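A.B. asks: Below is a structure I'd like to ask you about.
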Amino acid sequence: MSSKRFNTLNVLLVSLSVVAVAYVIRTPWLPIKRETKASLGYPKDSLMNFTELTGKYGYISEEHHVITDDGYILTMFRIVKATNCHKQKRSPPVLLMHGLLQSSDSWIDSGPNAGLAYLISDACYDLWLGNVRGNYYSRGHVHLNPDKDAAYWKFYIEEIGIYDVPAMIDYVLDYTGFEKLNYIGFSQGTGTFLVMCSERPGYCDKAQLVIALAPAARNLNTKSMIFRTLTQTFAKIEGALSMYGVQEVFSKGAFSQEFVAFFCQLSDFTERLCETIIDTFDHADFSHMGSITNETTRVLFGHFPAGTSVHNMARYGQSTRSTTFKKFDYGKEQNLVVYGSEQPPLYNLSATTVPVLCIYGNNDGLVDTKDVEWLMSKLPNVLESVKVKDPLWNHLDVTYSQYTVGSIFPKINEYLLKYTSA
């Protein structure tokens, strides 16, 4: 066999293997009943939804549904009663937005002593939590079926920023009667806010403060080889995956998520292995083992990953190669059709005129300090850019660390108080 034919065969086999793996990633597993999981030793917290889990710890939550201009049905939660708040809620409301592959559950998985949703609510803020299209809380649509219609999954941060974030902001303001809110975004949750400010003039003015936690705009300097390789692979094979009907990845209830959730609670050894994998995926230079507790590790995999589109993952692959923050690159010919230019347009970062507090970590393997500092240099109204004192602070520490109460919450609370009335 010639080397040319051999190489072609190798490429074909690798491509088919990737398609097969991606199919497994998004294929639903045989459903396991909650009672069965409980009997197998799954942590009870990992089996609960948002309202159940907050209720377990004495917090009362409401579920709200929002319809975007393009027909997606999103689920939001509002914590209306906090265990340690015994006075009137502060105003205006606070909207908390999760990162890539997460959901609102990510803010409570570390428990009432560390989860930012609990800490913010206990400080008597009127807290709302969003869920973007494609995660397990927000898989609804007025006429598309996410399990049958590929069109449902044709989105990336562009659509989340243009439709989801504005719809949630409008809903919160209409429901509460306020003209502005305070916005806290983690990673993608900040990136989509930047997209909104660029593409939806006037919406930026509906926030009086943005707190950007490990903000993801570009990922050029990411040190996580797992993240870089995974997302770049999706960028290369998105077309092939689409041919095989693979549009959704890393969904809750898929084989991959169910297997990891089972594996991570199997024994102390497997739990530590899962913690090591998280740490390896997330940190830049040094391990931060122990920041995410054993119990939190076992709980979070009951809710994570929460699902997204192949198209969104592919866009992150492009962002690891880009020196700017720009729209999806479809290639020169298709870019001419979509944008009227061979290159995708840049997002207008100068349109983010709202005051910004940035908090980031020195050991973040996904959003490198260079990329955060680049972003802050492009925004016109940065109040303060704070590097967490803990030199080992990494990306997922924001949502899952046991040390949030001392590492990042004091600064968050300081600025919320400045932009809040009692």
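Cβ coordinates come from backbone N, Cα and C, glycine included.
Bear in mind that TrEMBL entries carry predicted annotations, made automatically and left uncurated.
The active site, nucleophile feature in TrEMBL is assigned to SER187. As annotated by TrEMBL, active site, charge relay system applies to ASP364, HIS395. Annotation comment: TrEMBL describes 51-109 as domain 'Partial AB-hydrolase lipase'.
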A.B. asks: Rounded to a whole number, how many Å is the Cα of the residue listed as 'active site, nucleophile' away from the Cα of HIS395 (active site, charge relay system)?
C.D. replies: 8
A.B. asks: So what pLDDT does the domain 'Partial AB-hydrolase lipase' (51-109) average out to?
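C.D. replies: Mean pLDDT across the domain 'Partial AB-hydrolase lipase' (51-109) comes out at 97.
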A.B. asks: What are the DSSP helix/strand/coil residue counts across the domain 'Partial AB-hydrolase lipase' (51-109)?
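C.D. replies: Summed over the domain 'Partial AB-hydrolase lipase' (51-109), the classes give 10 helix, 26 strand, 23 coil.
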A.B. asks: Any idea what the Cα distance is from HIS395 (active site, charge relay system) over to ASP364 (active site, charge relay system), rounded to a whole Å?
C.D. replies: 5
A.B. asks: Can you count the other CB atoms that lie within 10 A of the CB of HIS395 (active site, charge relay system)?
C.D. replies: 28
